[in-house]
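Here the structure comes first, spelled out in structure tokens, and everything after it is commentary.
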């Protein structure tokens, strides 16, 4: 996708400047833009289904997509109803969410294997919003059928919670579409893999605690804000004596069957043509059992209740709720995109096709936006369903369209059959599907060995998500992750490079006599500019502060001598300049034998004002040395030139493409050359700079 920026005239032609990437701008002739081929290319970019559907091969892909679509569609049914409980909306809305967004992604998505729909973490994030804005306490009414004299008007509560969920979903989709059209698909990169995995593991713990009330058949008080997880767990433990025994039996039996059969599916995945649809089988068995022994009426087991047949007409969500949902919607938008794009790129890398970051953001946004009008809540891609879609032979998003048809048939004809389904069974399905998220704890030993900073990000994210609510925990985690990046750039490693004989390579080793080749492992900016100067002084033996002090003394001495004898000012000034220059050289030679300093600025992508000032100070105060900038990009050279860095001592001709060229230049000025053989002592940690 391209964003129109401005139009320009050149003679009789009219051009338009178009943003074709984060930093890439292209001028197009308007006649060419309005041509049929160009419009066709833009249409195929905006609507990717038009690029692959006309070439779809039923012979090669049809059977695999059909089997995968049926398998994923069967998974959508129990997961859709189960995750609706996490979103605190009636189960039928989980089925709606498994239908409309899937069709939209089929049209606009670029990944061939991901399965869009309900997901535990996103459902939990929506549920935290709906329960905060529509708590049970707001729907208490007088009644004689309750020991307390009050009962909850569940119909009114659920209706309002659906309004909150759909409004949040519409706002989430709007954020994603706008960000995608502005080519902000890179926002997902701010959520590093350790952060996402720590966050989803912490969110999985929230999901588990939130579902305990259905497993035990109790009704704990709803808590909001920090430590809500702890308070909820304490309430559930306090209510354990009131556990509904029939509900607990249903939960234990369902859990045992689900875990056992899923392990069989995992062990014999290569031998089974299709995974056993145990979730659907458990739902059918539990529904029949509940219907024939009247679990809901006689044993007071919580059941799903009325499931209306057919689809609801589209409706505009309550716009008055938008102001209360901005922060939550943006958090859901970023997290859902990060989960979806990471999964999509995994499959794209495996099968050798391209996933467009920005188009994926738009596709996910349109799925949520359209879903918001059709009574859906926010979606993202599901790892479990995506893996099944891939393993059963799915090759395109045609499998997603087929799965949507399966859901549609259920909503239109079969939905009412699940009205006697115990909610405890849906909770057990949620429990079992969280196994993959809790297995992410295995990251910790690996991170301990490979990268302690990433380990710290994982642990802090997990802890913040547990102790804070999901949105605040995410904000704190992202802030902490960015802080670690800043701290790492403030404390980079500095190297003095030496020549590797017989090559054009320079490594962290014994330096060339008289030449200091200075490299920083990070980019330069205001936060580490002073540290860079200090490290340069230490490595090269040049004390810039002492030189500045010496310069100030020299200037003061000039002023005093000028006042004593104004008549012979010109002669004395000439003599003073010669004396001061000699003094400076003596001072330099007393500090170091360095005659040339080569600054390797290959890691520098931009130059801010603080860095420019620091480099100018270094240049001015060590002007007796040859200061050479190496491997600098064109934009950095422009920044240095515009900031007045180049002078007679350090001109643009002393910017070299390689360190080797700079070394040869410095040696030539001294009438020397590199020896044919030079012993070198290479340190344990090598920093290699080649001539390219």
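Any Cβ shown, glycine's included, is placed from N, Cα and C.
Unlike curated entries, TrEMBL annotations are predicted automatically.
Feature annotations, courtesy of TrEMBL:
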- 545-577: coiled coil (COILED)
- 505-666: domain 'STAS' (DOMAIN)
- 98-122: transmembrane segment (TRANSMEM)
- 164-186: transmembrane segment (TRANSMEM)
- 243-261: transmembrane segment (TRANSMEM)
- 273-293: transmembrane segment (TRANSMEM)
- 321-344: transmembrane segment (TRANSMEM)
- 398-418: transmembrane segment (TRANSMEM)
- 455-487: transmembrane segment (TRANSMEM)
Which listed range (98-122, 243-261, 455-487) shows the maximal number of Cβ pairs under 8 Å with respect to the transmembrane segment (398-418)?
98-122
Cβ-based contact of the transmembrane segment (98-122) with the transmembrane segment (321-344), 3 or more pairs under 8 Å:
yes
Taking only the residues in the domain 'STAS' (505-666), give me the average pLDDT of this model.
71
